[in-house]
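Asks: Per Swiss-Prot, the features are:
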DISULFID  57-85  disulfide bond
DISULFID  88-165  disulfide bond
DISULFID  93-102  disulfide bond
DOMAIN    54-170  domain 'Expansin-like EG45'
DOMAIN    180-259  domain 'Expansin-like CBD'
SIGNAL    1-25  signal peptide
């Protein structure tokens, strides 16, 4: 009589395993596309988005960095003193009575936060001072705005939510500075997209915390020249990625190296 229960246990275990395996394969993260929130959106940068290059996140040429025209400047309420640089958002236009400038079907766009939209206290928040606190506002690259609304609208109500960033390749570390000052620009971050903590390790040092200088530029005042460098970064979803020996011992200032990215 004993073999029968063993067979039953095996069958049940197999069914349970099949049921949980898809969930087990998912990658944890805080931004799976949550509830929509309300904001407004305008545009800047010209039809080719060339005016969006540079910016308060430090990314420089958004084309070469892989961000392209899918970018936006965030108001104070969203920018979070630069900590939101690299975060990804899904945005869609919302028609309101007497204000119907959205494209049919209300298509959504995916953008990365790459710049800061400063407040203009000389103008009221509802008439020109669009980025004044506490307004959540997106100043979109012009091509992205035109994807969701008509040009003549100028400004439109939108719904937005945080979503995971999907990037090609690994996290990129661009090392600038000089012997006693290392300024590392962190770009192309998948997952949460925004980095809240960063550390560096040389071949002859332990892990050393880096401090945010501005945007996604992180600094260390240690002498690291001549050492292979490893980097450890943590996103706002509390996941951490370690890139061992991302930069070889012979690295030079101005070079960019690719490390391990977050899974999405």
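Placed from the backbone N, Cα and C atoms, the Cβ positions cover glycine too.
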Asks: To which of the disulfide-bonded residues 57, 88, 93, 102, 165 does the lowest count of other Cβ atoms within 10 Å belong?
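Replies: With the disulfide-bonded residues 57, 88, 93, 102, 165, fewest surrounding Cβ atoms within 10 Å: 102.
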Asks: Pull the DSSP breakdown for the domain 'Expansin-like EG45' (54-170) and write it out as helix, strand, coil residue counts.
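Replies: In the domain 'Expansin-like EG45' (54-170), the DSSP-based counts are 17 helix, 37 strand, 63 coil.
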Asks: How does the domain 'Expansin-like CBD' (180-259) divide up by DSSP, counting helix, then strand, then coil residues?
Replies: 0 helix, 45 strand, 35 coil
Asks: Compute the C-alpha separation of residue 102 (disulfide bond) from residue 57 (disulfide bond), stating it in Å without decimals.
Replies: 29
Asks: How big is the gap, in Å, between the Cα of residue 93 (disulfide bond) and that of residue 165 (disulfide bond), rounded to a whole number?
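Replies: Approximately 20 Å lies between the Cα of residue 93 (disulfide bond) and that of residue 165 (disulfide bond).
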Asks: Note down the number of other Cβ atoms within 10 Å of the Cβ of residue 85 (disulfide bond), including every protein chain shown.
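Replies: Taking all protein chains shown, residue 85 (disulfide bond) has 30 Cβ neighbours within 10 Å.
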Asks: Over the domain 'Expansin-like EG45' (54-170), what does the predicted model average in pLDDT?
Replies: 96
Asks: How far is it from residue 57 (disulfide bond) to residue 165 (disulfide bond), counting Cα to Cα, in Å?
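Replies: About 16 Å separate the Cα atoms of these two residues.
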Asks: Could you state the whole-number distance in Å separating the C-alpha atoms of residue 165 (disulfide bond) and residue 85 (disulfide bond)?
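Replies: Counting only the Cα atoms, the answer is 12 Å.
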